[in-house]
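J.: So TrEMBL lists the following for this protein:
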- 33-58: transmembrane segment (TRANSMEM)
- 64-88: transmembrane segment (TRANSMEM)
- 185-203: transmembrane segment (TRANSMEM)
- 223-243: transmembrane segment (TRANSMEM)
- 250-269: transmembrane segment (TRANSMEM)
- 281-298: transmembrane segment (TRANSMEM)
- 310-328: transmembrane segment (TRANSMEM)
- 343-363: transmembrane segment (TRANSMEM)
- 378-397: region 'Disordered' (REGION)
Amino acid sequence: MLEQPQTCGIEVYSVIMEEDRGSPLFKYPVSDFLLTVGGLVFFLLDVGLDAWAVVSFYQEEDYVFMGLLVFLLLGSSALVQAFSWLWYHYDKDGTETRTESLVKNLCSLKILHFFQMGVYLRYAGVVRISICGFCCGKRYMDGDAVYLTHDLSLLRLIEAFSESTPQLVLMITIIVQRGEVEPITILKALGSASAIAVSVTMYHRSLRSFLPDKAKQGWFSSVVYFLWNLLLIGPRVAAVALFASAFPCFITAHFLSSWMVLFFFAWRLKTDFMDSAGGEWLYRATIGLIWYFSWFNVIKGDTRCQSTLYHTWIGVDIGMLCGVWVWQMKKNPPYFELPLDPYVILGIMISFYIVGLGLKVIYYKYSHPKITQLREDERCLEPEPRSEPEDLTSDSHDEVDCRLMSHRMGPTEPVKTLSDPPDPVIRVNKRMRNLADNFYS
């Protein structure tokens, strides 16, 4: 599956360097490095907590929940490792960090991913190249660090909806079934939902790398983005969990039927994200999984109609799931006392979802860059048409022209000018660039 020429202005900015030679547009500040290191620490902590949860279920002889948790952990890990391996395979001709080269010389990357260690390799590559860039003052290494961080942010997003979100559904289901609905457990569930929303927000921050003017996407927009995702994902997760606590035998049928419909729509949209046919089908299946919990832009252009249809369907589904749960609670009251009346809980979740939709409208109206603005900025940077071909060896050759021509040769081709010293290699993550095209179009 070949990459098609792009017309969106985002691509132009992804390869143009700033006026200061050697300082790429893709800057990798210390704050982003600390967030990456923090992400690695929390990733390792999450692995330890997952192992502790499995052991706890085993000691309690609750083998059903233990089996479900192990299935979620192994399935999510296999999915993330599959994407990581495919992206390494697609980028095998591109530049790589010394850490990745060392592993390739010692053993096959496929074996490493088989043992679920591919993500750790990516973290090691980002940490090493960032430290080298900071210590040696090689600012051109920022582009490589950002390139690798983009893949990590997307992998964390996939993990958030394939492991963390289903795990939160399982946790809330257990809490409700055991009658442990207390303020502390509610706060724990809210913290887990916030962590998922943070993963989505960090993915949103990564998309900012492709904006010509990042000031238009400051921290205020990220806060609004976090809030509306929390208010949309939270009620959806709670509704699925409440339904599963009352009808555990039917939640699987609900998920599979919904996922098949969402997967069908992902196929009908003719997504073109991966570089192989098999990888594209895996991506569409993953999109169906993400859509079960949250909206995700997968195509360029105006998706207002698709988004409206999606949120309407999810809102109706939340109402139906919660309505059935309320009916069951009234028909067969639980042996424990709920902190609120079931009808009040239903009203709160629907209200939160409506408020989340309102915040999303506010974000797109006031904090989301318009594609027309990006195209206007792109036209400002486009070189004037030439009546006759110019000699590439001429000293008057436009530096911007040369960079744009170099970018058309491929996302990891070196950007060259004829003045010394030559510009360094700029790595452009075409996967994240395509997603940025989708999001900002």
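A Cβ is built for glycine as well, from the same backbone N, Cα and C atoms used for every other residue.
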J.: Can at least 3 Cβ pairs under 8 A be found between the transmembrane segment (343-363) and the transmembrane segment (281-298), with each pair 6 or more apart in sequence?
T.: no
J.: State, in range form, which of 64-88, 185-203, 281-298, 310-328 has the highest count of Cβ pairs under 8 Å to the transmembrane segment (250-269).
T.: 281-298
J.: For the transmembrane segment (310-328), which stretch among 64-88, 223-243, 281-298 has the most Cβ pairs under 8 A?
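T.: The stretch with the most close Cβ contacts to the transmembrane segment (310-328) is 223-243.
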J.: With a Cβ cut-off under 8 Å, give me the same-chain residues at least six positions beyond the ends of the transmembrane segment (64-88) that come close to it.
T.: 50, 53-54, 57-58, 100, 109-110, 113-114, 116, 118-119, 122, 151, 154-155, 158-159, 162-163, 166-167, 170, 174, 274-276, 279, 282, 286, 431
